[in-house]
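Here's what TrEMBL has on this protein:
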TRANSMEM  32-51  transmembrane segment
TRANSMEM  72-92  transmembrane segment
TRANSMEM  98-115  transmembrane segment
TRANSMEM  136-157  transmembrane segment
TRANSMEM  169-193  transmembrane segment
TRANSMEM  200-222  transmembrane segment
TRANSMEM  228-246  transmembrane segment
Amino acid sequence: MMAPADLAGAGLAIFVAGLLRGFTGFGFALAAVPLAGLVLPPAMIVPVVMLTQLVIGSADAVRERRAVDWRLVGWLTLGLAIATPLGTWALVALPGDITRIVIACIVLLGAAAAWRPPRAEGAGEGGLLHARITRLGVGLVAGLFTGLAAMPGPPVVAYMLAAERDPRIIRATLMVFFFFTAVTGCASAWFAGLIGWPELVMSAAALPLVVGGSAIGAAGFRRADARHYRPAALVVLIGAAAVTLLREIL
């Protein structure tokens, strides 16, 4: 039985992650897993995040479909489907403290990579074949991170933010792609025996917090200057990872 303070801490982490998700279109798992992982074991919080993403992501896929780069989503999802089971195996095999350190390092690396000045869209990708291979590779890495930590964001976000794209397209594409990550992640976690009644109940309890946080974050996105899009998200992600990493090391 969890202590009330632990439940409150996990709930606050979920709500804050929802705010970030609503504003940027990404970052829910990147913030929720390391922060809620301070009071919950990764083997529990990861399936909960996946289940929550699955529910809220279905609405995103319909609402944001007109702004999505569907060709990019297709190649990313192909790599995702191939590699997610490998990440789930690693989640089951690794101890919880090691998993938390790996998760924190993943977030820091992804945020650091995304902080670089953006290049012109399409620059550095070479020809069509090279671009497809690059996108497939990003999807493969995202699949590993999905199974391990419900966190496909670092490689995909770094790839998306590395080019000068309309923030509306970035946000919509990421939200829809993360819905597909939730589908593959939940299926993989189910077959691995990581989803049971405790995870289902906790996901149902977390859903209103995510919906509320996402709604507030989305309202902020509509009102914010586009220049604030990248730095606001990256500062929060780096902070979440740093807190988790310091807690495990000290």
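The backbone N, Cα and C atoms fix where each Cβ goes, glycine too.
By the count of Cβ pairs under 8 Å, the stretch nearest in packing to the transmembrane segment (72-92) among 32-51, 136-157, 169-193, 200-222 is 136-157. Ranked by the number of CB pairs under 8 Å to the transmembrane segment (200-222), the listed stretches 32-51, 136-157, 169-193 are led by 32-51.
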